[in-house]
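Have a look at the structure below before the remarks.
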């Protein structure tokens with residue numbers, strides 16, 4: 001394509017930037033829809049569908065809940081002394097022992113999950129005057145009746161059940177978790193058959209706390225052939241403290257303690273399969289990459305994960321403002337510089353030059369300005385990820401029915417946090433996009449001004465991103481302009497002379513229009529005079545008669 005106004009004594013140099021036929025729409029602070037040459041998606045909207053077992057240690061609960069594994073349900077014995085980073089509970093988990101309830105189930109589950117271990121230490125509790133190791137047909141261990149392996153069901157010995165008073169000090173330097181329980185018989189007959197007394201009582205104390213439980217005797221819905229229940233309780237004994245257990249019946253005693261650890265282990269409900277792969281971020285839907293700052297896969301996460309937002313898509317501009325190249329314009333197929341449109345097909349840079357001189361036409365990228373823009377944009381995605389990705393986990397929240405108001409408040413807080421992060425993400429991306437577009441526009445303007453300062457009076461700004469150079473400028477001359485070594489003094493005299501000649505020709509060419517208009521006016525006047533004279537002559541000879549009626 002030819003550039004306008006060229007002959008052997010002049011040249012034309014245009015500056016422009018990269019463009020693509022179909023850009024990407026992004027949002028900025030000042031414009032909801034602006035087209036750029038390239039953009040990166042910031043929201044991860046899909047998972048792998050599987051949970052990766054690396055770098056986190058994943059423990060698959062299979063058909064056991066964490067609490068069943070903690071108590072020692074017979075079908076969960078494989079989990080004894082296990083450790084994990086993330087315990088995965090399955091929807092098909094079930095209990096196969098004596099029916100029980102945990103009044104503070106959510107707290108116990110969360111406490112054990114964060115500890116990341118089921119390491120159990122057996123202690124020598126002395127239970128005098130009672131029968132130990134009680135079992136039930138509802139809790140088969142093999143063909144025989146059994147019970148939870150971490151608990152000791154105490155019943156009467158003969159016809160007596162003495163008052164039990166046992167102490168166990170914590171002489172170690174770590175917290176100890178003791179699990180114990182209270183049996184609620186279904187009938188008074190069952191109560192006396194097991195514990196002699198018509199009503200038992202269990203009190204468990206430390207220096208910091210005390211719990212007293214009185215059994216509730218009564219029939220309940222049948223579960224695995226039992227209408228009685230066991231309530232599970234737990235006590236933490238600090239270093240230097242003492243555990244005191246006092247009971248006259250219905251005690252489900254501890255066999256030892258669980259060693260508590262501090263850490264960032266957690267628990268998650270998921271039916272996604274566990275596979276051999278690597279992923280830092282895990283959701284109930286499966287693992288997701290954490291190479292994006294945001295995700296809308298699931299609010300529940302574990303590991304170094306993107307922030308959860310409501311948006312399905314947020315695009316970060318990683319290219320310049322896109323102005324697709326116009327089709328050939330004008331009689332000679334002229335094209336303009338960056339002020340009118342971008343240039344398609346410039347694959348070796350973002351900014352560049354097009355020229356036409358006596359040696360022909362050419363195009364070259366300006367690598368320095370291109371690299372300056374790329375260097376500033378490349379770090380944007382990493383900076384956004386650093387601002388949002390943190391090593392934390394958002395666990396599931398569970399509340400009992402009596403804690404409904406707390407659950408509502410928790411849900412409100414979580415929803416508010418998500419709303420805030422969604423808004424912050426929108427603003428953050430819009431700000432970064434605005435900065436990117438301003439930055440790339442600035443680099444184009446810098447290159448244009450740099451070229452203008454080099455050419456000075458040797459060229460004229462054509463107003464469309466191009467310069468008309470008023471001296472002969474071969475390819476070596478064009479290259480010197482591009483690389484900044486152009487010396488305008490060398491060409492100044494030639495440029496001034498050519499400028500005056502070209503302007504003079506343009507001035508003389510302008511008089512032709514005036515002459516044409518004057519000639520046309522005189523011709524019209526003479527034609528009117530001749531016509532009028534002919535009419536007057538014809539009237540005098542009588543060839544034309546003119547009647548005027550009033």
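The backbone N, Cα and C atoms fix where each Cβ goes, glycine too.
Summarising the annotation, Swiss-Prot assigns disulfide bond to 52-277, 64-76, 97-139, 281-305, 473-477. As annotated by Swiss-Prot, N-linked glycosylation site applies to 8, 22, 38, 165, 285, 483. Annotation source Swiss-Prot lists S-palmitoyl cysteine at 539, 546, 549. Per Swiss-Prot, the feature topological domain 'Extracellular' maps to 1-514; the stated evidence is sequence analysis. Positions annotated as topological domain 'Cytoplasmic' by Swiss-Prot, on the basis of sequence analysis: 536-550. The annotation transmembrane segment is assigned in Swiss-Prot to 515-535.
Overlay of Swiss-Prot feature records on the structure.
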{"residue": "8", "record": "N-linked glycosylation site", "Cβ within 10 Å": "9"}
{"residue": "22", "record": "N-linked glycosylation site", "Cβ within 10 Å": "8"}
{"residue": "52", "record": "disulfide bond", "Cβ within 10 Å": "21"}
{"residue": "76", "record": "disulfide bond", "Cβ within 10 Å": "27"}
{"residue": "97", "record": "disulfide bond", "Cβ within 10 Å": "26"}
{"residue": "139", "record": "disulfide bond", "Cβ within 10 Å": "24"}
{"residue": "277", "record": "disulfide bond", "Cβ within 10 Å": "12"}
{"residue": "305", "record": "disulfide bond", "Cβ within 10 Å": "29"}
{"residue": "473", "record": "disulfide bond", "Cβ within 10 Å": "29"}
{"residue": "539", "record": "S-palmitoyl cysteine", "Cβ within 10 Å": "12"}
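The recorded positions under consideration are 477, 549. Their Cβ neighbour counts within 10 Å are lowest for 549.
With respect to their backbone Cα atoms, residue 305 (disulfide bond) and residue 97 (disulfide bond) stand 38 Å from each other.
Counting only residues at least six positions away in the same chain, the Cβ atoms of 20, 23, 24, 317, 318, 319 sit under 8 Å from the Cβ of residue 38 (N-linked glycosylation site). Long-range C-beta contacts of residue 165 (N-linked glycosylation site), restricted to its own chain and to partners at least six residues apart, with a cutoff below 8 Å, comprise 244, 245, 246. Cα-Cα distance from residue 22 (N-linked glycosylation site) to residue 483 (N-linked glycosylation site): 31 Å (rounded to the nearest whole number). Each of the glycosylation sites 285, 483 was ranked by the number of other C-beta atoms within 10 Å, and first place falls to 285. Around the Cβ of residue 281 (disulfide bond), the same chain contributes 287, 288, 289, 290, 295, 301, 302, 303, 304, 305, 306, each under 8 angstroms and 6 or more positions distant in sequence. Residue pair residue 97 (disulfide bond) / residue 549 (S-palmitoyl cysteine) shows a Cα separation of 131 Å.
Residues within less than 8 Å, Cβ to Cβ, of residue 64 (disulfide bond) and separated from it by at least 6 positions along the same chain comprise 73, 75, 76, 79, 93. Look at residue 305 (disulfide bond): DSSP puts it in a strand.
Not a single one of the recorded positions 277, 285, 483, 549 has a C-alpha within 10 angstroms of the C-alpha of residue 8 (N-linked glycosylation site).
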